[in-house]
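Trainee: What TrEMBL shows for this protein is this:
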- CYS557: active site, glycyl thioester intermediate (ACT_SITE)
- 77-87: compositional bias 'Low complexity' (COMPBIAS)
- 88-112: compositional bias 'Gly residues' (COMPBIAS)
- 171-248: domain 'PABC' (DOMAIN)
- 302-588: domain 'HECT' (DOMAIN)
- 70-180: region 'Disordered' (REGION)
Amino acid sequence: MERDRAKLLQQTFAELNSAFAGQARRAHGSQPALAVNRVKVTFRDEPGEGSGVARSFYTSIAEALLANEKLPPLEPTTSSGASAGTTNGTGGAGAGTGAGASGAAGGAGNASGSGVRYSSGASRARTKDSARRTPARPSPRQPTAREPRRALSIEARPYSPQAAPGTEGAGYSGDRAGGHNEHLTLHQAQLGERLYPKVHSLHPTFAGKITGMLLELTPAQLLVLLASEDALRQKVREAMELIVMHPSEAILEDGSDLDVFSLSERGAVGGAGAGPSSAAAGTAQPADDSAPLFYSPGKRGYYSPRQGRATPERINAFRNVGRIIGLCLLQNELCPMFLNRHVLKYVLGRPVRFHDLAFFDPVVYESLRQLVVDAETGDSQSLFAALDLNFSLEMCEEEGGGCVELVPGGRDIEVTALNVYDYVRKYAQHRMVLSQEKALEAMRMGLLDVLPESVLEGLTAEDLRLLLNGVGDINVAALISYTSFNDESGEPPDRLARFKRWLWAIVDKMTHLERQDLVYFWTGSPALPASEEGFQPMPSVTIRPADDAHLPTANTCISRLYIPLYSSRHVLKHKLLLAIKTKNFGFV
């Protein structure tokens, strides 16, 4: 297999499609088509084959799938004549200077199985949330009484935060009690408290003015801005364009004039939570449906599928994602794809609930939760009237864009204290499930191409995350308890004991990323299994004769680290940190 991301994706998808098609034709019994006995991987121009290389492949393909880059052309991967280059792998050691490459992050490979039997797969029975009936509707509202979307206005009054974030307040001071935000409703002021820090990270100088402009948008538009970093960046850019076009209206809160010639576009700065959420901020969805497969809607590093235009090639890609997850579970290997909780629940066939929104988009979840709490107060009627919410939803680009109705005629159904529970459930269901259901269903079907549905019945989302992702926070004490030592140096026991103390002291002081690199170099996977049973086999260290000239090496197939008996702790630290950055396989 090639290491290049585009070729890796194309070759992997073509191989999985070819293997599935071939085994499906010979299917009999109840065994899934891709229930393989072994996955073998090799890399082009790199010696080494075995389980360590296979583990490296799973990490590499996960990185390729989650990358914030356009997809390569996928049409060739779904053709019946797709090439199926079977590959094999034994994690080798050593790069040219003696650095053993155990398949660190970036290793690539292709997976193929043999001895495969197929079954048609049990029919999927996924329990769905029990939704209440459409709430009793108030008298239909006049369509002209509501402006679906509002434009930004340069005449908007600035928002004054209670405490400006960061060390530079950019001239903003005061609070609501001081009268600076008396023009805002209570709900607008609450939204302002959440919006202001995000805007401040993008344009600190005009954060108050821009936030004030944003607060004149509809509540539905504001929820989109809180939910999507890209949508917020786009609106901030629009606001800055207005400010530049009308400098006389943009007086800083400290009384100084605006110097339009000193403005710098900072749309790419301050991306809090801006992981691989889209191909590029503010860009339209590619017409060829080549946008990234996943985006990060809330907490950085956790991903949800991005259905896009749902072309056959894109949906097939999601099915192959499910197959890769299934192969990792079947082979008891880790797969570093950190998926949102509702994605794990869907592929397990479990119902997705409103509270799963807290893991998907915590900011919006808290807003909706507070909405439910407010419905129990005495003045809820006036509160909901001020919010001006209805049963429609402005979707961000990653979720399809545009305005959708949560129920037929939803634009004309006001959200009230009586129907707010139904509103928040439908809101959560649409954003997490309905907007991406084709992609989610394809992932589930891909998983069932490898595993029978019966083996998933007892698993929770938390169980599946541990099985797939292992323990991301590498505990040094646990690693010490798992590790055994072999001596090939012939040195006295006291020197060996001192060397072990050096090693673990260095590991203990490593950063989180350095520990991941070490474990990847050592085992082919960047995380530890959830339990001792997950190791195949247990990790070990072989101490080799004294030699300050060579770097440590590793055999990822047997999770063994080879370290010369270095003359000092400083040399050991330098050599080890250098070696674990190696990303490919080879011979010493």
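The backbone N, Cα and C atoms fix where each Cβ goes, and this holds for glycine too.
No curator has checked TrEMBL annotations; they are predicted automatically.
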Trainee: Write out how many residues of the domain 'PABC' (171-248) are helix, how many strand and how many coil, based on DSSP.
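Mentor: The composition, in the requested order, is 59 helix, 0 strand, 19 coil.
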Trainee: Which whole number is the mean pLDDT over the domain 'PABC' (171-248)?
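Mentor: Over the domain 'PABC' (171-248), the predicted model scores a mean pLDDT of 77.
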Trainee: I'd like the Cβ neighbour count for CYS557 (active site, glycyl thioester intermediate), meaning other Cβ atoms within 10 Å of its Cβ, all protein chains included.
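Mentor: Neighbour count, Cβ to Cβ under the 10 Å cut-off: 25.
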